[in-house]
Amino acid sequence: MDVEYPFTLAILASYFVLIFALLWRVKYQLAKTLSDSNPGILLFILLSCVSLLSTWTYMFKFFAHSYREWKHITGFELPLSLNSMSYWLKDVSLFDSAWRQVCVGVWQWLWSHQICTLTVSVWTPILAIEGTRRRIPYIWAYMLIGQVVAISFASSLFFAVLLAYAPITNKEPSARLLKTLTLTSIGGILTVVLSPFVADTDAFMVNLLIMHILLIFPLVYVESSSTLSSKSASLYTIILYSLAAGANLSIYANQWFQCLSSLAPFGQHTWYQIYHTALTTFFGHPAQSSVSSDIVCMQFISVAWMFTASKRNYQQVPSWVWILMAVTPFFSASFTLPLFFAGYEYDRATQPNMTKKIN
């Protein structure tokens, strides 16, 4: 069968080739991780499978929804084939339409902004800082996996890898890297704040491109330092994670305020309205469901990391960690996860003889 626009199919196929290429890039790390019988590793591998299943079930539904919508709009009547798919892909920008769908609307953005803020201000520093301390190669690949598959999927894989790699003595991120992470985190947060305002304009894709560049930029070349003390690195990292937690909570609270303002005046049915509107938004569009599933999975993964890391570092879960775990579903992992890492860094800075490390 002749395909009228083969390059469009090639672009879609290359997307999946990229996914497998990135997984192949980190295959030795994953192989080492899977060879460890640590129960924590098995937990995060299981969570990565749950993430993949939940996010990509809706992603494939989004593809089908987009195809049906395109057929309805264009009046295309030929049956499904590679040729008809080439016409569809020529007319539709899946990336653009999916992101605009999850950025337009206060309730849609309530779900979607959480994965954005967590990624730009928390996940990038975790990759850079913890990856440097363990000399984990190709940490940029995990960020790209998160961008093309799901952040929760990549996060769960990386947390499993962290459990298999022990921190190296006197191996700390350089001052330049920490400053770069601060600047890219601030820049990334600004792009998140701008996203709903430019979602209906031509500037949307430019803003999104800048966001994705800032995510990968500090991970391409990661500097370590043998001169920066663990205490100095921890103090700087505490500031970085604390700023992220404060900014993310502010954005989260403001978004909730906008969502509640969109409902009827407070009354006896308000709690039901909140629940119903949030749930309806979650399942309202397959692209939204995929992104919302990503943040829900990330909440579970973050709680799992707080518990697992605490058991390894402190032998028991401290009360402050239990509090963070308990409030994560209400305040978002974008707020509680950086606080957890800030708390751990505080222990490293204030307890010079501390041997309990996240490993």
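Heads up, the Cβ atoms here are built off N, Cα and C, so glycines get one too.
Keep in mind the model is a prediction, meaning the values are calculated, not measured.
TrEMBL has this to say about the protein:
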TRANSMEM  6-26  transmembrane segment
TRANSMEM  38-59  transmembrane segment
TRANSMEM  139-165  transmembrane segment
TRANSMEM  177-198  transmembrane segment
TRANSMEM  204-222  transmembrane segment
TRANSMEM  234-253  transmembrane segment
TRANSMEM  320-344  transmembrane segment
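Highest Cβ pair count under 8 Å relative to the transmembrane segment (234-253), across stretches 6-26, 139-165, 177-198, 320-344: 320-344. Against the transmembrane segment (139-165), the recorded stretches 6-26, 38-59, 177-198, 320-344 differ in Cβ pairs under 8 Å, and the greatest number is found for 38-59. Remote same-chain partners of the transmembrane segment (6-26), defined as residues 6 or more beyond its termini with a Cβ less than 8 Å from a stretch Cβ, comprise 82, 85-86, 89-90, 138, 141-142, 144-145, 148-149, 157, 161. Same-chain residues lying 6 or more positions outside the transmembrane segment (177-198) and placing a CB less than 8 Å from one of its CB atoms are 103-104, 106, 109, 113, 116-117, 119-121, 124-125, 128-129, 132, 204, 207-208, 210-211, 214-215, 217-218, 222-224, 233, 236-237, 239-240, 243-244, 247-248, 251.
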